[in-house]
Amino acid sequence: MTTMLGQNQYGKAENRVVRVTRDGGTHHIKDLNVSVALSGDMDEVHLSGSNANVLPTDTTKNTVFAFAKEYGIDSAEAFGVHLARHFVTSQQPIHRARIRIEEYAWERIPVADTGRGEHSFVRKGQETRTTEVAYDGERWQVISGLAGLVVLNSTDSEFWGFVKDGYTTLQETTDRILATEVNARWRFAWTGGPGQDAPDWEASYAAVRGDLLGAFAETYSLSLQQSLFAMGSRVIDNSAALAAVDEVRLSLPNKHHFLADLAPFGLKNDNEVYLAADRPYGLIEGTVLRDGAEARIPVTD
Ligand SMILES: O=c1[nH]c(=O)c2[nH]c(=O)[nH]c2[nH]1
């Protein structure tokens with residue numbers, strides 16, 4: 001023997017679990033990225049290939065989702081304590097469990113009282129604001145935008161009645177999470193002609209951002225496409241006369257949240273525990289125009 005085994009650990013990394021807790025129409029969400037690393041009597045699996053001491057990483061993943069249902073997620077720390085204790089006390093060969101958790105913070109989107117409750121969130125953190133200004137000596141064209149504004153509705157989203165062909169496996173749903181990262185560009189009507197005052201760009205940005213969020217939150221959605229049109233329309237309809245927007249281009253990745261299958265563990269998943277998948281993702285894109293306006297925002301991607 002010229003080699004020996006040093007430190008080793010194993011487990012499932014980056015379990016993206018989203019837990020929805022319903023308090024009547026008011027929903028609370030916890031959104032975690034949980035990584036499990038277990039160590040203990042694991043010499044044999046490395047040296048002889050015996051799996052007798054190996055709790056599969058797949059099982060550690062299932063445990064994360066099952067515990068999200070069974071214990072809920074009061075805090076990342078409390079959730080980590082449940083998991084670490086479970087692995088060390090239930091599996092004799094496992095002597096140490098290290099649970100790493102990243103938590104993504106969400107804030108509520110302020111909504112008009114629709115009577116349907118509070119279930120709309122925007123991810124904390126600043127989006128990127130963009131603008132593109134062009135001038136040919138005569139006319140101005142300003143296309144402003146934002147990228148990376150992540151939003152989520154934990155209900156008021158359905159998707160059904162779609163085409164089914166021989167490759168379709170998607171189940172119809174009348175209640176799902178709808179989440180997306182808003183990437184938007186909007187073109188101002190302003191061209192700087194005689195007597196045209198320039199828009200208040202700062203106030204306009206705040207208003208457009210608010211309209212995108214408000215329309216996403218308040219639209220009872222039958223598809224992300226429908227939400228897209230509602231968002232673009234609200235920006236155009238609400239834009240102030242001096243900061244009129246004639247065209248909105250939206251690129252909305254559908255950030256899929258799949259219901260975790262807890263039935264094998266005898267647990268019911270009443271739209272409470274989701275797997276947040278990062279790829280592949282649906283990509284829904286489209287332009288919304290003021291009646292009669294020309295489409296001038298280049299379709300770049
Ligand atoms: O809102 C959606 N639009 C789609 O076109 C689509 N396709 C799909 O699989 N899921 C969804 N969701």
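Each Cβ is built from the backbone N, Cα and C atoms, and glycine gets one as well.
Keep in mind that this is a model prediction, so the values were computed, not measured.
Per TrEMBL, the features are:
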- K12: active site, charge relay system (ACT_SITE)
- T57, D58, F159, R176, Q225, N254: urate binding site (BINDING)
- T57, N254: O2 binding site (BINDING)
- T57, F159, R176, Q225, N254: 5-hydroxyisourate binding site (BINDING)
- T57: active site, charge relay system (ACT_SITE)
- H256: active site, charge relay system (ACT_SITE)
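Features recorded in TrEMBL, as mapped to the structure shown.
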residue: K12; record: active site, charge relay system; Cβ contacts under 8 Å, 6 or more apart: S35, V36, T57, D58, T60, K61, V64
residue: F159; record: urate binding site; Cβ contacts under 8 Å, 6 or more apart: L170, E172, T173, R176, L222, S223
residue: Q225; record: urate binding site; Cβ contacts under 8 Å, 6 or more apart: I284, G286
residue: N254; record: urate binding site; Cβ contacts under 8 Å, 6 or more apart: L178, A179, T180, L224, Y281, G282, L283, I284
residue: H256; record: active site, charge relay system; Cβ contacts under 8 Å, 6 or more apart: A179, A276, A277, Y281, G282
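When every Cα pair among T57, F159, R176, Q225, N254 is compared, the largest distance found for this 5-hydroxyisourate site is 37 Å. Every protein chain shown contributes to the tally, and the Cβ of T57 (urate binding site) ends up with 15 other Cβ atoms within 10 Å. For ligand 1, the binding-site residues lying close by, meaning a CB under 6 A from one of its atoms, are F159; the full candidate list was T57, D58, F159, R176. Its Cβ taken as reference, D58 (urate binding site) is surrounded by 9 other Cβ atoms within 10 Å in the chains shown. Classification of D58 (urate binding site) by DSSP places it within a helix.
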